[in-house]
Amino acid sequence: MDIPVNAAKPGRRRYLTLVMIFITVVICYVDRANLAVASAHIQEEFGITKAEMGYVFSAFAWLYTLCQIPGGWFLDRVGSRVTYFIAIFGWSVATLFQGFATGLMSLIGLRAITGIFEAPAFPTNNRMVTSWFPEHERASAVGFYTSGQFVGLAFLTPLLIWIQEMLSWHWVFIVTGGIGIIWSLIWFKVYQPPRLTKGISKAELDYIRDGGGLVDGDAPVKKEARQPLTAKDWKLVFHRKLIGVYLGQFAVASTLWFFLTWFPNYLTQEKGITALKAGFMTTVPFLAAFVGVLLSGWVADLLVRKGFSLGFARKTPIICGLLISTCIMGANYTNDPMMIMCLMALAFFGNGFASITWSLVSSLAPMRLIGLTGGVFNFAGGLGGITVPLVVGYLAQGYGFAPALVYISAVALIGALSYILLVGDVKRVG
């Protein structure tokens, strides 16, 4: 595509918005990971079994997934500023209260509430990037904010462990929840849609708009202009192209949730690696994924600047990343810890490289239904978060981890094929 050239220098106000999204993603994922950090101490204090702890872990994923579509609908009605303020404030309060939980049921309830309020997060990110960035910069923007999830997991988990050891597990939730509450107030004070933002130049607005950015797409819909959803709207949301993207997101999320849930157990129980060594080995794949997601956005936008079509530039990193992720099953054929770590790091690098899937949602979704489409997209990812812990657990219990890794590889392959066979040309639906 042609990159617009303006006589006036466009300015860089949009990058402040991108940094704000990145910080929010870091907070979002730290508030997901804090329970894993504190789980052993919680089990000991409350006498919770591993099976019961499984219910606590899954409470987030179930409600997070179920609220994706309602969250997207709400986003389309009120816009990003209000949606994200309510979401960040809500999940942060629920996180803080987890530090005062009194037992199993209160933990389950509070984790479920956390999932409800986190549901609109990534549809909101997608809507903002669509409004703030031209097409040829969008993949890099998505890659940058998506990397926040790996920063939170790879770099901040040791800090949470230190807080727990210095104080108690309660403070893991109090600190992370308190930071989120403060950030929600900063967000509401600072963020505005592009046209309402102070300090943004007309040249930058023109640059974004001329490059395909929807500079008016992040404003809340006026009450009198709101339209009820119709059967035609739902048909557009489940267009063949978008179904291909949804399947791809299920595949990307499936690999991610294997690493979030079963990877440490795989190392210690299946491969007999010591807990200390496994702790180091779990960090390496997250760092590899962090590199992968940053590199994918850069590669996608570079291809656009080199004259390749938008569809080719966006789909190539996703397809390649999903195919690379299939190498995870190679760990079935070695017991060497270094080789296992390399294969797992390569697979998770591929997962990170494929994680710019959101950039295609912003290019394919019907303009009036970006939030709803993002909700369905994230719903598909949430299904991966629900099914992988269950399927891998069942396979590992009955047959060992080898068929579980084959399952993860097969899902990644299906995801790659969905982009090749279903998505086709990247053109906005409707």
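In case you wondered, yes, glycine gets a Cβ from its N, Cα and C as well.
All protein chains included, Asp31 (site 'Important for transport activity') registers 26 other Cβ atoms within 10 Å of its own Cβ. The site 'Important for transport activity' annotation in Swiss-Prot covers Asp31 (among others), and the record cites a curator's inference as its basis.
Within the same chain, residues at least 6 positions away in sequence whose Cβ sits under 8 Å from that of Glu118 (site 'Important for transport activity') are Cys28, Asp31, Arg32, Phe60, Tyr64, Ala87, Trp91. Summarising the annotation, Swiss-Prot assigns site 'Important for transport activity' to Glu118 (among others) and lists a curator's inference as the type of evidence.
According to Swiss-Prot, the feature topological domain 'Cytoplasmic' maps to 1-17 (among others).
Sequence annotations record features per position, and here Swiss-Prot assigns topological domain 'Periplasmic' to 40-50 (among others) based on experimental evidence. Panel annotation: around the topological domain 'Periplasmic' (40-50), residues 56, 101, 103-104, 107, 164, 168-169 of the same chain, lying at least six beyond its termini, place a Cβ under 8 Å from a Cβ of the stretch.
The average per-residue pLDDT of the prediction over the topological domain 'Cytoplasmic' (75-81) is 82, rounded to a whole number. Residues or ranges marked as topological domain 'Cytoplasmic' in Swiss-Prot (evidence: experimental evidence): 75-81 (among others).
The topological domain 'Cytoplasmic' annotation in Swiss-Prot covers 126-141 (among others) and rests on experimental evidence.
For 165-168 (among others), the entry in Swiss-Prot reads topological domain 'Periplasmic'.
According to Swiss-Prot, the topological domain 'Cytoplasmic' annotation covers 191-241 (among others), on the basis of experimental evidence.
Sequence annotations record features per position, and here Swiss-Prot assigns topological domain 'Periplasmic' to 268-276 (among others).
Using a Cβ-Cβ cut-off under 8 Å and counting only residues 6 or more beyond its ends in the same chain, the topological domain 'Cytoplasmic' (298-314) has close neighbours at 1, 3, 135-140, 143, 356, 359-360, 363, 423-426. Annotated topological domain 'Cytoplasmic' per Swiss-Prot: 298-314 (among others), in sequence order, evidence recorded as experimental evidence.
Per Swiss-Prot, the feature topological domain 'Cytoplasmic' maps to 355-373 (among others).
The DSSP breakdown of the topological domain 'Periplasmic' (396-400) into helical (H, G, I), extended (E, B) and coil residues amounts to 4 helix, 0 strand, 1 coil. For 396-400 (among others), the entry in Swiss-Prot reads topological domain 'Periplasmic', with the evidence type experimental evidence.
For 424-430 (among others), the entry in Swiss-Prot reads topological domain 'Cytoplasmic', with the evidence type experimental evidence.
According to Swiss-Prot, the feature transmembrane segment maps to 18-39 (among others), an assignment based on experimental evidence. Remote same-chain residues near the transmembrane segment (18-39) are listed as 53, 56-57, 60, 84, 88, 91-92, 95, 98, 111, 114, 118, 121, 125, 128-129, 132-133, 141, 144-149, 151-153, 156-157, 160-161, 164, 169, 172-173, 176-177, 179-180, 183, 187, 190-191, 260 (criterion: CB distance under 8 Å, separation of at least six residues from the stretch ends).
Swiss-Prot lists 51-74 (among others) with the feature transmembrane segment, giving experimental evidence as the kind of evidence. Within its own chain, the transmembrane segment (51-74) has Cβ neighbours under 8 Å at 32, 35-36, 39, 42-43, 83, 87, 104, 107-109, 111-116, 118-120, 123, 229, 261, 371-376, 378-379, 382-383, 385-386, 389, counting only residues six or more beyond its boundaries.
Under the heading transmembrane segment, Swiss-Prot lists 82-100 (among others), citing experimental evidence as support.
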At a threshold of under 8 Å on Cβ distances, which of 82-100, 104-125, 277-297 pairs most often with the transmembrane segment (142-164)?
277-297
Within the same chain, where does the transmembrane segment (277-297) have neighbours whose Cβ lies under 8 angstroms from its own Cβ atoms, ignoring anything closer than 6 residues to its ends? I mean 6 or more beyond.
139-144, 146-147, 150-151, 153-154, 259, 263-264, 267-268, 317-318, 321, 337, 340-341, 344-356, 359
Near the transmembrane segment (401-423) in space but 6 or more residues beyond its ends, with Cβ under 8 Å, are 240-241, 243-245, 247-252, 254-255, 258, 262, 266, 269-270, 311, 315, 318-319, 322-323, 325-329, 331-332, 350, 354, 360, 364, 384, 388, 391-392, 395
If we skip the immediate neighbours and take only residues 6+ beyond the ends of the topological domain 'Periplasmic' (165-168), which ones have a Cβ under 8 Å from one of its Cβ atoms?
41
